[in-house]
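Copied from Swiss-Prot, the annotated features are:
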- 1-206: domain 'Glutamine amidotransferase type-1' (DOMAIN)
- CYS79: active site, nucleophile (ACT_SITE)
- HIS181: active site (ACT_SITE)
- GLU183: active site (ACT_SITE)
Amino acid sequence: MMIVIGYDAGNTANVLRALAQVGVAARLSADPQEILAADGLILPGVGAFPAAMQELEKRGLISVIQQAVADGKPLLGICLGMQLLLESGLENGQNSGLGLIPGVCRRIPDQAGLPVPHMGWNDLQLQQSSALTAGLDGQSVYFVHSYYTDVPEEYLDVTADYGRPIPAMIHRGSVFGCQFHPEKSGAVGLGILEKFKEYVYENTARY
């Protein structure tokens, strides 16, 4: 069973619908025992970094997610959920993240002719391969965000060009992140969720 972590900061209905389209048995949960028992986890997210971390803390989920990852559970963060994977974020001051991938979440710099938030379809540029990146180079996906993940190159898999390279996908071990919304990115996005399902299956041999 795949668990979509529920903490009132994510577009969970669309994520669950997309997972169902690729044959994933998934449900929404904030129950620590269900999260720790899951085969794989998805952390969606929309909104502000500090508010989202507060919602996770209020539910006692920060240490639960960290423990699940330490136990080897695959985790996919989507949009704000990807940003929360980092050590810290600079939205409305400096705030601690989940600390699962080294890096800092920063605001996209203002650039002439490029409004913030970065909103709409953008092409992907492969930097290095991961379990989720096959066939993605040059594909177009849907972004909505004002902040980006500043991570060391070793964790950067895919970028998009928005006046500068913007991290689109990152990963460390069994922790993956998509800055864009795979659930809103048509067949390309569904393909990423399908690859995550396959990765979870290979990781657990029982999904």
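Each Cβ is built from the backbone N, Cα and C atoms, and glycine gets one as well.
In this structure, the C-alpha atom of GLU183 (active site) lies 11 angstrom from that of CYS79 (active site, nucleophile).
Cα spacing between the residue listed as 'active site, nucleophile' and HIS181 (active site): 6 Å, rounded to the nearest whole number.
In sequence order, ASN11, ASN14, ILE78, CYS79, VAL141, TYR142, PHE143, VAL144, GLY189 are the residues near HIS181 (active site), counting only same-chain partners six or more apart with C-beta under 8 A. Take the CB of GLU183 (active site) and look out to 10 A: across all protein chains shown you find 26 other CB atoms. DSSP assigns GLU183 (active site) to a helix in the three-state reduction.
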